[in-house]
Amino acid sequence: MFRLTSVGCILLVIAFLNLVGLTNACTSEGYSCSSDSNCCKNVCCWNVCESHCRHPGKRTRLQGFFKHRR
């Protein structure tokens, strides 16, 4: 009787820990986010989880400027 109860308690604890782990899951790279704390790597750039924020260089901004002028 004691073994059955202790095994049941252990399984209940494992199930509870899995439930807590699922509710605090972080967002993977490439998925949408609202803040840095939502992302696994804690970098939310332009509402998307990234490994690091990329800031476009002068050439990229200039090309974008000319595309919008047409």
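Placement of Cβ uses the backbone N, Cα and C atoms for every residue, glycine included.
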From the list CYS9, CYS26, CYS39, Swiss-Prot names as the disulphide partner of CYS49 the residue CYS39
If you measure between the CA atoms of CYS53 (disulfide bond) and CYS39 (disulfide bond) and round to the nearest Å, you get 13
